[in-house]
Every structure is written in structure tokens, then in C-alpha cells.
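Chemist: Below you will find the structure I want to go over with you.
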Amino acid sequence: MWTLWDESSGLYTGDGSVDINGNPVLKQKTGNWKACPFILGTECCERLAYYGIATNLVTYLTIKLHEGNVSAARNVTTWSGTCYLTPLIGAVLADAYWGRYWTIAVFSSIYFIGMCTLTLSASIPALKPAECVGSLCPPATPSQYAVFFFGLYLIALGTGGIKPCVSSFGADQFDDSDPKERVKKGSFFNWFYFSINIGALISSSFLVYVQDNAGWGLGFGIPALFMAIAIGSFFSGTSLYRFQRPGGSPITRMCQVLVASFHKWNLEVPQDSSLLYETQDKHSAIEGSRKLGHSDELKCLDKAAVLSEAEMKSGDLPDPWRLCTVTQVEELKILIRMFPIWATGIVFSAVYAQMSTMFVEQGMLMDTTIGSFTIPPASLSTFDVISVICWVPIYDRIVVPIARKFTGQERGFSVLQRMGIGLFISMLSMTAAALVEIKRLQLVKELGLAGEAVAVPLSIFWQIPQYMLVGASEVFTFIGQLEFFYEQSPDAMRSLCSALSLLTTSFGNYLSSFILTMVTYFTTTGGKPGWIPDNLNEGHLDYFFWLLAGLSVLNMLVYVFCANKYKQKKAS
């Protein structure tokens with residue numbers, strides 16, 4: 001039995017964590033940085049496997065499955081979008097029923113089966129189309145397509161159980177009730193993102209080379225091997241892990257609050273919040289969750305916790321669809337309060353999306369040669385990864401200690417301040433891209449190249465600052481989002497909130513596509529070439545970058561307003 005004495009003695013964690021058997025865990029023997037190498041290793045290998053498929057997928061579809069450019073691009077974007085939607089499935093299962101550990105374990109196995117299926121489809125001659133003969137390329141048969149896409153979408157399902165859970169499971173290893181461990185938790189998110197980018201760097205360089213030069217069977221087999229290593233790494237740390245109990249379906253609890261508050265619309269909310277319904281126990285009625293303190297906004301939802309006369313007289317257990325605890329009501333309030341902060345991440349993700357689209361198209365019309373060597377324009381995204389890998393230790397070891405002296409914050413900057421700094425840097429990245437394009441178009445005019453879709457004598461390395469600035473903004477905003485959605489989410493909804501944060505990436509891509517469509521529509525009226533024609537030498541890509549810089553400024557102002565109004569959660 002876990003007693004109050006056990007918690008206050010300092011031997012056990014104070015945040016309700018248990019071991020794999022459900023027993024209280026000793027602080028000195030579990031969690032903390034002891035458990036993190038296994039989790040960080042898992043994430044690094046899993047991301048290496050994911051990017052090993054995603055980075056060069058469009059090439060495989062066009063060259064090996066003989067798809068057209070439009071069909072291949074559509075299949076890649078549909079699959080990528082699915083990879084950012086399936087985390088909602090994994091998150092609900094983790095928070096409601098299985099817990100984060102078993103969700104990661106089950107979905108990792110699905111992921112590995114998908115990787116093996118993909119490797120087989122690229123290795124066995126019967127599972128792939130014959131090679132092209134001249135210009136004749138036999139299309140893939142329905143069965144060959146079926147095997148390939150079955151493996152591909154098993155990976156999409158598998159990543160849905162890993163993405164929202166691994167960062168939260170790693171943060172679970174640090175006791176929220178211990179100030180020293182809380183500081184380490186902030187550092188964990190930095191190194192977690194560092195691990196992601198190490199995996200991405202290896203994939204975008206070594207694995208792409210293997211796939212293009214040594215064959216796709218080996219090129220898909222190596223990521224499958226790393227996925228197996230990820231699973232082995234994850235299970236190796238089991239005895240050191242701290243676990244949080246699943247708290248039941250968060251969607252059901254939110255619906256109960258809405259139904260109960262609607263049902264009691266005619267009841268008055270008492271001025272004294274202590275009169276609202278809450279369990280008398282030290283812990284919340286929601287498994288694995290601390291009690292949440294009452295907040296004054298959104299009082300209409302408080303009606304769900306108002307005791308009616310009939311409920312006061314009755315000695316029966318309350319109907320959860322008619323009466324909810326204050327903690328349950330506060331869970332929904334927290335999600336509503338987080339929404340404006342979440343929404344500002346969509347514009348940031350739209351800026352981030354330019355790295356794989358407009359930055360590459362801009363680079364195609366610049367000088368990509370060094371002597372006899374030609375640099376693929378897309379490969380400059382490596383500088384984004386290098387920027388992240390450099391900035392994480394700089395931020396963790398230099399920026400935080402210096403900032404701590406000025407701000408008094410244990411982590412140097414508050415999470416909201418950190419995210420705001422990243423939004424500002426993202427605006428600078430668009431400004432840098434616009435200035436490079438102005439210089440490029442100036443050379444186009446001077447050399448009379450406007451009518452030709454040819455590169456200008458301006459080195460592609462002038463793009464490095466815009467890639468490096470995007471990388472720096474990631475370290476502040478994306479890692480800040482990981483921290484924010486873990487810390488501010490209700491204890492029993494942490495995986496769900498991590499999944500919601502991933503949705504900003506998906507919506508950011510959709511927003512980028514929408515902006516491109518609108519820009520093309522409005523700037524091509526009257527037969528004009530528009531800002532972004534097929535021949536960028538005739539257009540004004542710099543105007544597009546300035547538009548995104550302006551949207552970033554507006555987004556940052558909205559963010560600053562929302563961040564100043566934001567009220568932190570109050571947990572017992």
C-alpha cells in the first residue's frame with residue numbers, strides 16, 4: 001500500500017508513478033537519466049528508420065514502381081499526412097487503456113512488420129515490376145501495389161503509437177514533485193530532439209546514398225534493422241522505467257463534462273469553489289492523475305461539478321454523465337486554454353514546410369556546382385539538421401545558464417518565452433530567403449535571363465543562412481512545444497496532447513498549400529506570370545517569402561497576446 005509516509009519520505013516518487021508490476025518505485029533505482037539512454041536510443045533508431053523510408057520515397061515510386069510525378073507526389077503526401085493523423089489513435093489507447101509503455105511496444109512491432117514487408121517488396125523480383133526497357137516501363141500489378149502499400153501503411157499505423165508516446169514516456173522518468181528532477185526534464189526534451197535529428201542526418205545522407213547506388217532492398221533493409229535495434233533498446237530499459245497508470249478515455253471524460261454542464265444549465269455556480277464536487281481522497285478519481293485546482297474562467301463548464309439537491313440527499317455514487325469532479329472539468333478547461341497557443345504553431349509549421357518546397361525550387365535556379373561536383377538542391381536541408389545538432393548543446397549548456405542569471409527561471413526561459421523566440425527566428429529565416437531571392441532576380445535582370453529557366457551565377461551556399469535559421473527556430477519552438485504540451489496537459493491526457501501538437505505540422509502543410517493556391521490565383525489574373533510561375537526567373541518568389549515573413553510577424557503578435565493571457569495549470 002502506498003501511504004502518505006512513503007511519498008513524503010523521499011524514497012518514492014511523488015507523482016504517482018509505478019514500476020511495470022504496478023508497485024511504487026524507488027527514486028534512486030529508477031527513472032531519471034538512468035532510464036533515458038534507452039528511450040533516446042529508441043527514438044534515434046526509429047526516426048532513422050522513418051526518414052530512411054520517407055526521404056527518398058518519391059524516387060522509389062517513380063523509378064521502381066514506374067508511377068508518374070503527380071501520382072507519386074500524391075501518394076507520398078497522403079502517406080505523410082496519415083503518419084501525422086494516426087498518433088491520435090495511439091494517444092487515445094495510451095491514455096485510456098494500455099499506458100505509454102505497452103502502446104509503444106505493440107505499435108513498434110506493427111512498425112517492424114511494415115518495414116520487413118517493404119524490404120521484401122523491394123527485394124523479391126515477383127513483388128516488384130520489371131526494369132524499364134528503353135522508354136517502356138511496365139506498370140506494377142495490383143498485387144505488387146498491394147504488398148508495397150500494405151507495408152507502407154503498417155509503418156504509418158506503427159508510427160502513430162510511437163510519436164505521441166515516446167517523448168511523454170521519457171518525460172515520465174522525471175518526478176514532477178521534485179524541483180531538481182523538473183529541471184532535468186527540460187533538458188531531456190532538448191536531447192530528445194537532438195536524437196531525432198541525428199537519425200534524420202544519417203538517413204538523408206548515408207541511407208539515400210545506399211538506396212540510389214547499392215539497391216533498394218538493402219536501402220529498405222537497413223532501416224528495418226535499425227527498427228529492430230530500436231525495439232531491443234526500448235525493452236532493455238524496462239526494469240529502470242517509471243510508469244504512469246492509464247486514466248480511462250479522455251474523450252469520454254470531456255463528453256461527460258459537456259453533457260453534465262448542459263443538463264444543469266439552469267443551476268447557479270456557487271461563489272465558493274470549495275462547494276463544487278471533488279473527491280475527498282488525496283488523489284484524483286481519475287487513475288494516474290493528480291487533482292487540479294479550480295480556475296475562474298469558463299464558468300459555464302463548472303455547472304458539471306455543481307451538486308443538485310437530489311444528489312446531495314442521495315447517498316449513491318454519482319452518475320458521471322450528470323456530475324463530474326472539479327479535476328475532470330479542469331481537464332477540459334486546460335485543453336480550451338491551450339488551443340490558441342496550439343493554433344499559432346500552424347503558421348510556424350507552414351514556414352517550416354518551405355524548406356522542402358520553395359527553398360529547393362529557389363536552389364534549382366542557383367549555381368549548384370563546386371568544381372566538377374554538383375550539389376543536389378534538396379541536400380541543403382542537411383544544414384537545417386546540422387543547425388539543430390549544434391544549437392541543442394549550445395542552448396542546454398550555454399544559453400540556459402546565462403539566461404537563468406537574468407530571468408531567475410530554473411530553465412533559463414519559460415516554455416512560452418522559448419516558443420516566442422523561435423517564432424521570431426522563423427520570421428528572420430523568411431527574411432533571409434527573400435533577400436537571397438532579391439539578389440538572384442537582380443542577376444537575372446542584369447544578365448537578361450528572364451525568359452529562360454536557367455540557373456544564375458549565384459552560389460547555392462547563399463541559402464545556408466535561411467536553413468540554419470530554420471534549424472535554430474526549431475530548437476526554440478518545436479522543443480518548446482514538446483515541453484509545453486507535456487507540462488500543461490492534464491496528467492491523464494499527455495499522449496493525446498502530444499498527438500495534438502503533431503497535428504500542427506500536418507495543418508501547417510495544408511496551410512502552405514492553401515497560401516500557394518491563393519497566391520497563384522490572385523497574382524496570375526490578366527495573363528500575368530504571377531509570383532511563382534514554372535520559370536521562377538519570370539516571377540517574384542521574394543514577394544512570397546515577404547508574405548510569409550509578414551504572416552509570421554502577425555502570428556507572433558497573436559502568440560504574445562495569447563501567451564500573456566495564458567493561465568498555467570494548478571496541480572496538487
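Quick reminder: no glycine exception, Cβ is built from N, Cα and C everywhere.
Features from TrEMBL:
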TRANSMEM  101-124  transmembrane segment
TRANSMEM  144-166  transmembrane segment
TRANSMEM  187-210  transmembrane segment
TRANSMEM  216-235  transmembrane segment
TRANSMEM  334-353  transmembrane segment
TRANSMEM  373-394  transmembrane segment
TRANSMEM  415-436  transmembrane segment
TRANSMEM  467-486  transmembrane segment
TRANSMEM  498-523  transmembrane segment
TRANSMEM  543-562  transmembrane segment
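Describe the structural surroundings of these features, if you would.
Modeler: Same-chain residues lying 6 or more positions outside the transmembrane segment (144-166) and placing a CB less than 8 Å from one of its CB atoms are 39, 42-43, 46, 50, 53, 65, 79, 82-83, 85-91, 93-94, 100, 103-104, 106-118, 120-121, 127-129, 192, 495-496, 498-499, 502.
Long-range contacts of the transmembrane segment (187-210) within the same chain: residues 36, 39-41, 43-52, 55-56, 166-167, 170-171, 173-174, 218-219, 222-223, 379, 381-382, 385-386, 388-389, 392-393, 395-396, 474-475, 478-479, 482-483, 486, each at least 6 residues beyond the stretch ends and with a Cβ under 8 Å from a Cβ of the stretch.
Same-chain residues lying 6 or more positions outside the transmembrane segment (415-436) and placing a CB less than 8 Å from one of its CB atoms are 341, 344, 348, 351-352, 354, 358-359, 362, 407, 409, 458, 462-463, 465-466, 469-470, 472-481, 483-484, 487-488, 542, 545-546, 548-549, 552-553, 555-556, 559-560, 563, 566.
The list of residues near the transmembrane segment (543-562) in space but at least 6 beyond its ends in sequence, with Cβ under 8 angstroms from a Cβ of it, reads 340-341, 344, 347-348, 350-351, 354, 358, 419-420, 423-424, 426-427, 430-431, 433-434, 437, 515, 519, 531-532.
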Chemist: In the same chain, which residue numbers or ranges, 6 or more beyond the ends of the transmembrane segment (216-235), come under 8 angstroms Cβ to Cβ?
Modeler: 38-39, 41-46, 48-50, 52-53, 56, 60, 64, 104-105, 108-109, 111-112, 115-116, 118-119, 122-123, 203, 207, 210
Chemist: Other than its close neighbours in sequence, what residues sit by the transmembrane segment (373-394), given a CB gap under 8 Å and a spacing of at least six beyond its ends?
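Modeler: Beyond its ends, the transmembrane segment (373-394) has Cβ neighbours at 190-191, 193-194, 197-198, 200-201, 204-205, 355-356, 359-361, 363-364, 366, 460, 463-464, 467-472, 474-475, 479.
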